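See structure below.
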Amino acid sequence: MAKKDVIVLNSHGAGQYAYADHMPKWGETLSVKNWYVAEDGGKGTNVAVALGRLGIDTAYIGKVGNDPWGDLGEKWLKEAGADATYMYRTDEVSTGTGLILIGPEGQNTVIDGDSSSIVLKEEEVIQALDNMKGSTFFVTGFEVPMRIALAGAKYAKKLGMLTVLNPSPLPEEPMKKLDYIDYLFINEVEGRYICNEAEDAELEPRRLMEEVQEIYGVGNVIMTLGAEGSTALQGEEFFNIPPVRVEKVVNTAGAGDGFMAAAIANLVWGKTLKEAMEWAGKYAALSVTINGTIPAYRPLDEVNAFIEKYN
Ligand SMILES: Nc1ncnc2c1ncn2[C@@H]1O[C@H](COP(=O)(O)OP(=O)(O)OP(=O)(O)O)[C@@H](O)[C@H]1O
């Protein structure tokens, strides 16, 4: 039986970026500058790699194609020390990938491929969880089908694990109660959407999280506020974690995934939720000073050095 500190069930994918001076017409061969595969993994591999690099015993569950993008995900996981045994493979659909064509004014057109996550089966998730009974945390999100993510969370809870959900991308239909979820991580836009609030509406973060608690029946709601830091409602206890100001913000993509991974790592280390969020805020602040998503998830010694310098 392979017990883990954290099991992550969510997607893997790889975005391809290309810079063009115009949009191609049908039949045209367009030469583009600087075509590259970005190291942004999809929320599953992002979180699993971030946790692995922090030294947390982590396993990934998901499905990728039999193609180079799937191989890349497996390589990232293994290099981070995460277990890729349950990175299932399929010939039916290729690994989720998108072509992001960036124009001369920075405008972009995205061609998004179907992701192999859509053919992940509930039985495969259950089998993986059965083989990892006794694990501590189970983390999921909706870049795999919502039905699969929630079935996984319910089963993990039944096996005695602590469950964490990042319900992103949010489904259009309202969700039912999620009272088998222990920790819900959302950003402010998602918080307002769940509460049916306009993005620029006035509801205070605390009230928003109270409503989210009520709607979903989840006791611990953690809401990230971008450059403004983060905030949480743990039962009735509210806390606000002020932002960490860095000299130069280079790239904030994936900051939310990194923040969640860092907070969970601290919960594994026995810290309180408040302590976990303070550390995660520093971890995420370091990540926004580094270009790329996966490259910005730094190992424990580098994060500690940054925190020492910051203090
Ligand atoms: N400009 C910034 N300066 C310092 N810290 C930041 C900045 N932007 C984000 N962070 C940190 O990262 C955390 C997560 O950011 P954010 O709320 O933007 O998540 P998100 O919207 O889920 O991000 P993404 O979807 O890009 O992963 C914040 O709570 C904060 O701690």
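Each residue, glycine too, has its Cβ placed from N, Cα and C.
Automatic prediction, not curation, is the source of TrEMBL annotations.
Feature annotations, reproduced from TrEMBL:
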ACT_SITE  Asp257  active site, proton acceptor
BINDING   Gly42, Lys43, Gly44, Thr45, Asn46, Glu143, Asp257  substrate binding site
BINDING   Asn187, Thr224, Leu225, Gly226, Ala227, Glu228, Gly229, Gly256, Asp257  ATP binding site
BINDING   Asn251, Ala253, Ser287, Ile290, Gly292  K(+) binding site
DOMAIN    40-295  domain 'Carbohydrate kinase PfkB'
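TrEMBL feature annotations superimposed on the structure.
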residue : record                       : DSSP class
Lys43   : substrate binding site       : helix
Glu143  : substrate binding site       : coil
Leu225  : ATP binding site             : coil
Asn251  : K(+) binding site            : coil
Asp257  : active site, proton acceptor : helix
Ser287  : K(+) binding site            : helix
Gly292  : K(+) binding site            : coil
Which secondary structure state does DSSP assign to Asn187 (ATP binding site), in the simple three-class scheme? strand
For a Cβ distance below 6 Å to any atom of ligand 1, name the recorded positions from Gly42, Ala227, Asn251, Asp257, Ser287, Gly292 that qualify, or say none. Ala227, Asp257
Cβ-centroid neighbourhood (8 Å) of the substrate site, Gly42, Lys43, Gly44, Thr45, Asn46, Glu143, Asp257 excluded: Val8, Asn10, Ser11, His12, Gly13, Gly41, Val47, Ala48, Gly141
Cβ within 8 angstroms of the Cβ centroid of Asn251, Ala253, Ser287, Ile290, Gly292: which residues besides those meet this for the K(+) site? Val250, Thr252, Gly254, Ala255, Val288, Asn291, Thr293, Pro295, Ala296
Out of the binding-site residues listed (Lys43, Gly44, Asn46, Glu143), which are within 10 Å of the residue listed as 'active site, proton acceptor', Cα to Cα? Lys43, Gly44, Asn46
Tertiary neighbours of Thr45 (substrate binding site) (same chain, Cβ under 8 Å, six or more apart): Ser11, His12, Tyr60, Gly62, Gly73, Trp76, Leu77, Ile294
Highest CB neighbour count within 10 A among the recorded positions Glu143, Asp257? Asp257
Cα-Cα, Gly292 (K(+) binding site) versus Gly42 (substrate binding site), nearest Å, comes out at 13
Would you mind checking how many other C-beta atoms are within 10 angstroms of the C-beta on Gly292 (K(+) binding site)? 15
Between all pairs in Asn187, Thr224, Leu225, Gly226, Ala227, Glu228, Gly229, Gly256, Asp257 (listed as ATP binders), what's the biggest Cα distance, rounded to the nearest Å? 16
So if I measure Cβ to Cβ from Ala253 (K(+) binding site) and keep only same-chain residues at least 6 apart in sequence, which ones fall under 8 Å? Asp40, Gly292, Thr293
Does Ser287 (K(+) binding site) have same-chain partners at least 6 apart in sequence with Cβ under 8 Å from its own Cβ, and which are they? Gly254, Ala255, Gly258, Ala296, Tyr297, Arg298
Take the Cβ of Lys43 (substrate binding site) and count every other Cβ within 10 Å, whichever protein chain it belongs to. 27
Just to verify a number: CA distance, Gly44 (substrate binding site) to Ala227 (ATP binding site), in angstrom, no decimals. 23
Students should find that the Cα atoms of Lys43 (substrate binding site) and Ala227 (ATP binding site) sit apart, in Å rounded to an integer, by 20
